[in-house]
């Protein structure tokens with residue numbers, strides 16, 4: 001997740017053509033509705049700049065094109081990636097684009113499982129932002145290799161494709177190698193595009209339709225994944241592919257509840273010592289109540305404006321005090337690394353950007369775009385000005401559970417921005433058919449079957465599981481690769497309660 005740079009956010013909001021912005025912020029003092037705010041605030045007409053691209057010829061003869069059987073305006077380009085050229089992995093790989101006419105082009109990279117690709121599950125991985133590339137997951141967290149300082153791949157023995165085939169999709173439009181003339185600035189629109197991609201993918205790989213299929217991601221994927229799963233449940237009731245579960249790591253899914261847990265996390269109630277003074281903690285605690293009122297107005301409104309205001313206030317009041325400490329918003333244990341990419345705090349992400357901009361890498365993958373960036377500010381700004389970040393998506397998690405589709409909410413317990421306290425809280429308050437039974441379950445130790453070490457805490461009832469992972473920040477696979485792999489292997493094997501098999505029935 002690319003956290004909101006507070007100066008950047010405030011500059012954007014000040015650019016709104018409104019004579020007295022303070023008049024809008026006076027609403028924070030009471031529970032006044034936003035009945036007249038639509039007339040008072042005027043959003044810029046163009047909140048997302050047109051992409052400036054250096055494009056290659058996408059009529060590349062190395063691509064095979066599959067035309068959608070449902071809508072011929074959509075197609076999927078597919079090419080084999082020679083594993084020996086890049087050395088990311090030795091397994092079979094494909095890359096390409098989903099195209100919509102000449103206006104939208106979504107890039108993906110697909111890796112077969114290292115184990116049994118004909119029968120192993122398939123996982124779609126999504127990073128967050130909004131506006132950040134899923135190649136962060138591929139080349140920095142959980143993929144077959146990471147990129148070293150010498151720009152060479154480093155084999156990852158804990159890759160999630162050890163026992164699953166992995167799809168890394170660059171979405172929404174404008175992220176990474178994806179491009180187009182249209183603008184996508186809401187989770188709802190992004191979800192529709194991702195769903196169509198999945199339909200086309202399984203048309204191109206029909207032998208995989210019966211395999212278990214999981215959607216996984218982190219951070220802002222806590223928005224994306226519920227929306228995509230909702231699209232599948234609503235539009236694909238006969239399941240032309242087999243949606244088996246979803247997994248969300250350190251996600252932002254229910255902003256109203258999660259915002260209440262910044263102060264506890266910063267002030268010593270999340271298992272780590274306080275990083276703010278008692279005075280700052282008291283001030284933040286008071287601000288949380290005001291943030292909650294604004295988020296309630298956002299949830300109740302059909303307009304984006306209350307959500308934009310909620311985002312601006314809550315981030316200023318609840319993120320800025322923490323950011324001023326100099327600590328990493330993704331890992332409360334220390335500051336950002338030196339020489340890291342802008343706003344992302346990790347030097348290794350700079351290596352990924354450099355690697356993906358090598359002409360030989362782009363040529364091997366068949367990219368239509370020469371300029372790669374791990375996070376796109378235009379996409380981020382577009383989502384900001386729809387208020388998307390403050391909108392709720394937990395209702396679609398309830399929909400999945402009520403359809404008996406398993407959901408895993410996992411969280412590294414040293415993250416601040418999407419911390420484990422907030423994720424535990426919203427999952428506990430989720431309205432679904434077995435809410436009360438789930439609430440009665442207590443967190444219990446999650447113990448490694450490999451080492452016998454306690455890796456975290458787990459809570460489960462039926463299809464719903466919450467997992468706290470010790471000593472991991474925002475990106476669990478990066479901080480705890482062994483635990484991350486054990487987690488995903490257990491989950492996709494059907495052990496939803498993360499229990500010893502002898503006690504699994506009682507635990508679930």
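From the backbone N, Cα and C atoms, a Cβ is placed for every residue, glycine too.
For 219 (among others), the entry in Swiss-Prot reads active site, with the evidence type experimental evidence. When secondary structure is read from DSSP and collapsed to three states, residue 219 (active site) falls in the coil class.
Using a 10 Å radius centred on the Cβ of residue 415 (active site) and all shown protein chains, the other Cβ atoms total 31. Annotation comment: Swiss-Prot describes 415 (among others) as active site, evidence class experimental evidence.
If you look up Swiss-Prot, you'll see 474 (among others) marked as active site. A coil conformation is recorded for residue 474 (active site) in the three-state DSSP classification, outside any helix or strand.
Non-local contacts of residue 475 (substrate binding site) by the CB criterion (under 8 A, 6+ apart in sequence, same chain) comprise 140, 141, 218, 249, 250, 330, 412. The substrate binding site annotation in Swiss-Prot covers 418, 475 and rests on similarity to another entry.
Per Swiss-Prot, disulfide bond is recorded for 132-375 (among others). Neighbours of residue 132 (disulfide bond), defined as other CB atoms within 10 A of its CB across all chains, total 27. In the three-state DSSP classification, residue 132 (disulfide bond) falls within a strand.
Counting Cβ atoms from all protein chains shown, residue 281 (disulfide bond) has 19 others lying within 10 Å of its own Cβ. Mapped onto three states, the DSSP output places residue 281 (disulfide bond) in helix. As annotated by Swiss-Prot, disulfide bond applies to 267-281 (among others), with the evidence given as similarity to another entry.
Positions annotated as disulfide bond by Swiss-Prot, on the basis of similarity to another entry: 291-314 (among others). Non-local contacts of residue 314 (disulfide bond) by the CB criterion (under 8 A, 6+ apart in sequence, same chain) comprise 255, 259, 291, 294, 295, 390.
When secondary structure is read from DSSP and collapsed to three states, residue 298 (disulfide bond) falls in the helix class. The disulfide bond annotation in Swiss-Prot covers 298-307 (among others) and rests on similarity to another entry.
If you look up Swiss-Prot, you'll see 336-345 (among others) marked as disulfide bond, on the strength of similarity to another entry. Secondary structure at residue 345 (disulfide bond), taken from DSSP and collapsed to helix, strand or coil, is coil.
Feature annotation from Swiss-Prot assigns N-linked glycosylation site to 163 (among others). There are 18 other CB atoms within 10 A of the CB of residue 163 (N-linked glycosylation site), with all protein chains counted.
Taking a C-beta cut-off of under 8 angstroms and a sequence separation of 6 or more, residue 242 (N-linked glycosylation site) has the following same-chain neighbours: 209, 210, 211, 212, 213. The N-linked glycosylation site annotation in Swiss-Prot covers 242 (among others).
Taken from Swiss-Prot, the feature N-linked glycosylation site applies to 339 (among others).
The Cβ neighbour count for residue 371 (N-linked glycosylation site), using a 10 Å radius and every protein chain shown, is 14. Marked as N-linked glycosylation site by Swiss-Prot on the basis of sequence analysis: 371 (among others).
Feature annotation from Swiss-Prot assigns signal peptide to 1-24; the stated evidence is sequence analysis.
Cβ neighbour count for residue 291 (disulfide bond): 26 (other Cβ atoms within 10 Å of its Cβ, all protein chains included). Summarising the environment of residue 345 (disulfide bond), the number of other Cβ atoms within 10 Å of its Cβ, over all protein chains shown, is 20. Every protein chain shown contributes to the tally, and the Cβ of residue 267 (disulfide bond) ends up with 20 other Cβ atoms within 10 Å.
A Cα-Cα distance of 13 Å separates residue 375 (disulfide bond) from residue 219 (active site). In the three-state DSSP reading, residue 336 (disulfide bond) counts as coil.
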